[in-house]
Amino acid sequence: MKNVAIVSGGYSSECVISLKSAEEVYLSIDKTRYNPYIVLITRNGWTVQGGNKTEFPINKNDFSFIYKGKQIRFDFAYIIIHGTPGEDGLLQGYLDILNIPYSCCGVLSASITFNKYFCNNYLRGFGVETAKSILLKQREQIISPERIIDKLGLPLIVKPNDGGSSFGVTKVTNITQIQLAIRNAFNEGEGVLIESFIPGTEITCGYYKTKNKQVTLPITEIISKNDFFDFEAKYNPGMVEEITPARISKKLTDEIQTLTAHIYDWVGAKGIIRIDYIISPKKEIKMLEVNTIPGMTATSFIPQQIRAAGLNLKEILTEIIESI
């Protein structure tokens with residue numbers, strides 16, 4: 001049987017969410033075909049998580065570990081790190097050198113999609129509509145709140161250019177809030193993206209390809225009790241209503257699912273992805289973000305959409321492992 005590393009953790013605030021996703025993948029993977037191991041990557045080290053809180057250090061020279069005197073090598077890596085080094089391409093580059101196949105897109109695609117500002121500008125070249133934005137590359141970059149509002153108006157969304165799970169994201173409704181929002185975003189990343197706020201219905205759509213098929217998952221409608229779908233709404237029960245399939249017209253559904261499939265190809269994605277959108281009051285489709293390693297916890301969007309489609313996560317994981 002293949003030894004599968006379910007690679008979790010990471011160096012960002014999303015580490016805890018990654019661990020929950022890894023547990024769900026571990027529970028769902030077909031153990032009659034694969035030997036799954038949860039690998040935890042942190043700044044303190046790389047380890048395989050054993051029973052009774054035991055850990056086995058990873059040999060980074062060949063991505064293996066020793067168990068009961070025997071060297072265990074991995075045949076496949078299912079990457080479930082949200083943020084660096086999994087979502088930005090660093091881990092993919094390491095695995096490419098070792099010739100170990102993995103579940104998601106490669107270095108170039110990950111680099112493009114992890115940088116929200118670059119990804120949005122790249123996709124605009126294909127006609128994808130996104131919010132107007134300004135990128136701040138470093139803390140020392142000086143830009144006045146007045147200039148920001150003059151270009152983008154109010155309200156604004158201020159967020160890390162390279163993060164997820166809504167860490168460091170602020171909705172700004174007043175000029176006095178801008179500088180604090182920028183500082184909060186810089187605490188989560190090296191760049192800050194300031195976007196004009198787009199009112200409307202927030203939705204998200206999952207998609208995956210294997211050797212034999214391509215599947216667009218049902219769309220989920222997101223109704224947050226907060227001003228927008230922030231971290232509190234994402235991970236606190238009762239703060240959000242998630243409706244799958246979304247209560248939108250068939251025409252909009254078809255357009256969004258088709259656009260999702262196109263974006264998958266345009267960015268060179270692999271495995272399962274999820275793309276977030278806003279449907280404006282004028283029924284315009286505005287892309288928010290491409291997630292190349294979406295959350296896989298029991299309550300995450302992708303597992304919800306898989307269930308709504310009448311599909312089986314165990315079978316999908318097998319298809320992905322065998323297709324790459």
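Glycine too: its Cβ is placed from the backbone N, Cα and C atoms.
These features come from Swiss-Prot:
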- 120-322: domain 'ATP-grasp' (DOMAIN)
- 149-204: ATP binding site (BINDING)
- Asp276, Glu289: Mg(2+) 1 binding site (BINDING)
- Glu289, Asn291: Mg(2+) 2 binding site (BINDING)
Open item on the list: Which one is it, among the binding-site residues Asp276, Glu289, Asn291, that lies nearest to Ile149 (ATP binding site) by Cα separation?
Closed with: Glu289
Open item on the list: Within its own chain, what residues at least 6 apart in sequence put their Cβ under 8 Å from the Cβ of Gln177 (ATP binding site), listed in sequence order?
Closed with: Thr170
Task: 10 Å Cα neighbourhood of Asn291 (Mg(2+) 2 binding site): matching binding-site residues from Leu156, Asn184, Gly191, Ile198, Asp276 - done: Asp276
Task: Sequence-distant neighbours of Leu156 (ATP binding site) in its chain (C-beta under 8 A, six or more apart) - done: Ile148, Ile149, Lys171, Val172, Ile178, Ala181, Ile194, Glu195, Ser196, Phe197
Open item on the list: With the cut-off set at 10 Å between Cβ atoms, which of these binding-site residues ends up with the most neighbours? Options: Asp276, Glu289.
Closed with: Asp276
Open item on the list: Among the binding-site residues Thr170, Asn184, Asn291, which residue has the fewest other Cβ atoms within 10 Å of its own Cβ?
Closed with: Asn184
Open item on the list: If you average per-residue pLDDT over the domain 'ATP-grasp' (120-322), what number do you get?
Closed with: 92
- [ ] Go through Ile149, Ile198, our binding-site residues, and report the one whose Cβ sees the most other Cβ atoms within 10 Å.
- [x] Ile198
Open item on the list: If you compare CA-to-CA distances from Asp276 (Mg(2+) 1 binding site) to each of the binding-site residues Asn184, Gly191, Ile198, which comes out shortest?
Closed with: Ile198
